[in-house]
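Take a look at the structure set out below.
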Ligand code: GRF
């Protein structure tokens with residue numbers, strides 16, 4: 001049995017991506033392998049961080065033609081026989097065609113996940129923490145969900161509440177979210193690696 005292969009897609013800072021890398025490096029290489037980290041933004045700090053951690057990176061920049069962009073990404077996924085895609089601050093929606101294509105390689109199993117800093121369906125999209133903060137909510141949270149073609153609309157797998165104390169500042173509260181995100185996402189990666197989360201292999205290779 002070969003290791004489960006994952007690809008991480010990220011457009012920005014990459015703190016979640018690096019938490020996933022750290023967890024994968026802690027686990028056995030026979031169980032899990034990060035095939036690559038892919039970004040659509042040349043200046044994304046995640047690219048440098050990934051290189052420093054010894055992880056292969058790819059940059060596939062936005063193109064006028066979405067289909068051509070996705071075809072390039074699919075060909076990388078195909079080349080590395082990727083089983084799971086972990087979105088970690090990837091600022092592009094995946095098309096229904098892309099998702100369908102990836103699913104076909106896994107006998108219809110949904111193996112694309114995302115982490116989002118709100119209790120979905122509340123506050124989908126960007127600036128979720130800041131919007132919840134300015135609404136003075138007492139609690140928000142983190143959602144780990146499967147990915148469909150919508151904006152943060154896929155089936156929810158895990159949610160955890162992040163409470164807000166009265167004197168909390170936006171930076172302090174944001175930090176609380178990141179800590180929860182990193183823990184939940186790393187735990188999920190471990191579940192995938194250890195077979196606690198069923199995985200249909202894209203292609204068994206020796
Ligand atoms: C995180 O808040 C994640 O939940 C959201 O985008 C942000 C990415 O942050 N999808 P980072 O680049 O992982 O630090």
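Along the chain as shown, residues are numbered 1 onward.
Placement of Cβ uses the backbone N, Cα and C atoms for every residue, glycine included.
Taken from TrEMBL, the feature active site, proton donor covers 116. Other Cβ atoms within 10 Å of the Cβ of residue 116 (active site, proton donor), summed over all protein chains shown, number 24.
Summarising the annotation, TrEMBL assigns N(1)-(5-phospho-beta-D-ribosyl)glycinamide binding site to 14, 15, 16. Residue 16 (N(1)-(5-phospho-beta-D-ribosyl)glycinamide binding site) falls within a helical segment according to DSSP. Within 10 Å of the C-beta of residue 16 (N(1)-(5-phospho-beta-D-ribosyl)glycinamide binding site) we count 24 further C-beta atoms, all protein chains included.
TrEMBL lists 66, 91, 92, 93, 94, 114 with the feature (6R)-10-formyltetrahydrofolate binding site. With a cut-off of 8 Å between CB atoms and residues at least 6 apart in sequence, the same chain places 95 near residue 66 ((6R)-10-formyltetrahydrofolate binding site), listed in sequence order.
The domain 'Formyl transferase N-terminal' annotation in TrEMBL covers 5-187.
Secondary structure at residue 152 (site 'Raises pKa of active site His'), as computed by DSSP, is coil. Per TrEMBL, the feature site 'Raises pKa of active site His' maps to 152.
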Additional residues surrounding N(1)-(5-phospho-beta-D-ribosyl)glycinamide, by Cβ distance to the 14, 15, 16 centre under 8 Å: 10, 12, 13, 17, 18, 19, 46, 49, 88, 89, 178, 182
Greatest C-beta neighbour count within 10 angstroms, which of the binding-site residues 15, 114: 114
Assigned element (helix, strand, coil) containing residue 66 ((6R)-10-formyltetrahydrofolate binding site), judged by DSSP: helix
For residue 94 ((6R)-10-formyltetrahydrofolate binding site), the one of 15, 16, 116, 152 that lies nearest, given that the recorded positions are compared by Cα: 152
Cβ contacts of residue 152 (site 'Raises pKa of active site His') (under 8 Å, same chain, 6 or more positions away): 114, 116, 120, 121, 124, 125, 143, 145
Nearest recorded site to residue 16 (N(1)-(5-phospho-beta-D-ribosyl)glycinamide binding site) by CA-CA distance, among binding-site residues 91, 92, 93: 91
